[in-house]
Amino acid sequence: MWESVAGKRFRIGYALSPQKISTFMKHSLIIHARDRGVDFIQIDLTKPLIEQGPFDCVIHKLYDAEWKKQLEEFSLKSPTTFIIDPLNAIDKLQNRVTMLEFVNELKIQNLGTPLQVFVSDESSEALQDAMTREGLKFPVIAKPLIADGAANSHQMSLVLNQNGLTKLDPPIVLQEFVNHGGVIFKVYVAGDHVKCVKRKSLPDINEEKLNTSSSENLISFSRISNFAPQNQSDRESYAEMVEAMEMPPLSFVNEVASRMRDALKLRLFNFDMLRDSRIGTRYLLVDINYFPGYAKAPEFETMLTDFFIDIAHKKRSRESGNLDQMENKMMEADSNGNDL
């Protein structure tokens with residue numbers, strides 16, 4: 001039986017780009033949330049935020065300075081409104097160098113990160129020197145430094161050899177490519193609610209395949225099918241292998257999600273994990289995204305609505321606490337014969 005918000009309806013203001021609205025504000029989510037007492041109200045970005053509302057909660061995925069200023073002003077005016085998520089916490093995920101630094105500090109057994117190095121120099125010699133210094137070997141994955149949700153922040157490439165380095169455009173992050181059975185585990189987090197799904201990923205690359213691909217030095221992820229099985233029989237076998245891939249233990253996924261949520265101070269995010277083929281019980285966390293595409297997760301409507309109802313309860317507790325404080329002050333003033 002689904003839990004609903006009792007009494008006053010819970011109002012969520014959302015400030016999202018047009019593209020994000022189209023992928024997040026699905027009709028199925030709006031209806032499911034509405035039936036359980038949760039309403040979504042679009043924030044008018046042409047008007048000051050402090051003149052809009054009232055909102056019980058604000059969700060957002062905008063990064064410009066004007067929005068940040070407005071959100072800070074609104075937070076001061078409406079201290080009991082939940083802002084999801086804090087601006088300073090989101091900023092940590094916009095840089096791929098700092099994004100994964102905290103993972104090893106969590107000291108979770110069987111969880112690590114791939115080797116990676118940041119390079120700002122445009123010369124291929126500097127790129128190769130950086131790889132050598134960090135112990136990186138080909139192939140490597142080239143990722144843009146900034147991960148702000150813009151289209152170019154997702155433009156990644158598989159670099160097969162030194163010649164491929166000459167086609168890169170630093171500043172850039174080079175990340176170790178690890179064979180992982182062609183499957184990536186995407187974990188969606190919304191507060192205490194967690195879902196893990198598996199998706200087809202880059203196929204494993206052996207020395208023979210690397211050598212026979214010498215005609216190509218760098219392959220964009222959009223053309224990565226060049227490494228996928230070419231004939232129908234092999235493609236079917238590959239699909240069956242992906243389907244048969246065992247999911248990570250649920251207890252492990254939940255522990256990682258919980259520890260990351262506390263460390264990042266974020267409520268809406270997802271992360272990508274690989275199972276390291278070299279050590280079958282070891283997982284590598286390779287990427288983290290703020291406010292991801294939840295519609296790709298099964299039953300995302302229920303997951304998100306459950307999360308918003310949790311926030312509704314916390315909002316009412318916060319308001320109750322403020323009222324208690326005011327009543328205590330009034331009682332103290334009365335006992336002292338003073339006015340507040």
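Backbone N, Cα and C define each Cβ position, glycine as well.
Here TrEMBL flags Lys20, Lys61, His154, Lys186, Asn289, Gly293 as 1D-myo-inositol 1,3,4-trisphosphate binding site. According to TrEMBL, the ATP binding site annotation covers Arg96, Lys143, 175-186, Ser201. Per TrEMBL, domain 'ATP-grasp' is recorded for 105-317. According to TrEMBL, the Mg(2+) 1 binding site annotation covers Asp272, Asp287. According to TrEMBL, the feature Mg(2+) 2 binding site maps to Asp287, Asn289. TrEMBL lists 319-340 with the feature region 'Disordered'. The compositional bias 'Basic and acidic residues' annotation in TrEMBL covers 319-332.
Closest by Cα distance to Phe177 (ATP binding site), from the binding-site residues Lys20, His154, Asp272, Asn289, is Asp272. Nearest Cα neighbour of Asn289 (1D-myo-inositol 1,3,4-trisphosphate binding site) among the listed binding-site residues (Arg96, Gln175, Asn179): Arg96.
In sequence order, Cys196, Val197, Lys198, Arg199, Met247, Pro248, Val253, Asp272, Met273, Leu274, Arg275, Tyr283 make up the list of same-chain residues 6 or more apart from Phe185 (ATP binding site) whose Cβ falls under 8 Å from its Cβ. Gly293 (1D-myo-inositol 1,3,4-trisphosphate binding site) is 26 Å away from Asn179 (ATP binding site) when you measure Cα to Cα. Checked against Ser201 (ATP binding site) by C-alpha proximity, the binding-site residues Lys61, His154, Lys186, Gly293 yield Lys186 as the nearest. Fewest other C-beta atoms within 10 angstroms, among the binding-site residues Lys20, Lys61, Arg96, His154, Lys186, are seen around His154. Looking only at Cα atoms, Gly293 (1D-myo-inositol 1,3,4-trisphosphate binding site) sits nearest to Asp287 among the binding-site residues Arg96, Gln175, Gly181, Val183, Asp287. Neighbour counts were taken as the number of other C-beta atoms within 10 angstroms of each residue's C-beta; across the binding-site residues Gln175, Asn179, Ser201, the minimum falls on Asn179. Cβ neighbour count for Val183 (ATP binding site): 20 (other Cβ atoms within 10 Å of its Cβ, all protein chains included). Here the C-alpha separation of Lys186 (1D-myo-inositol 1,3,4-trisphosphate binding site) and Asp287 (Mg(2+) 1 binding site) works out to 10 Å.
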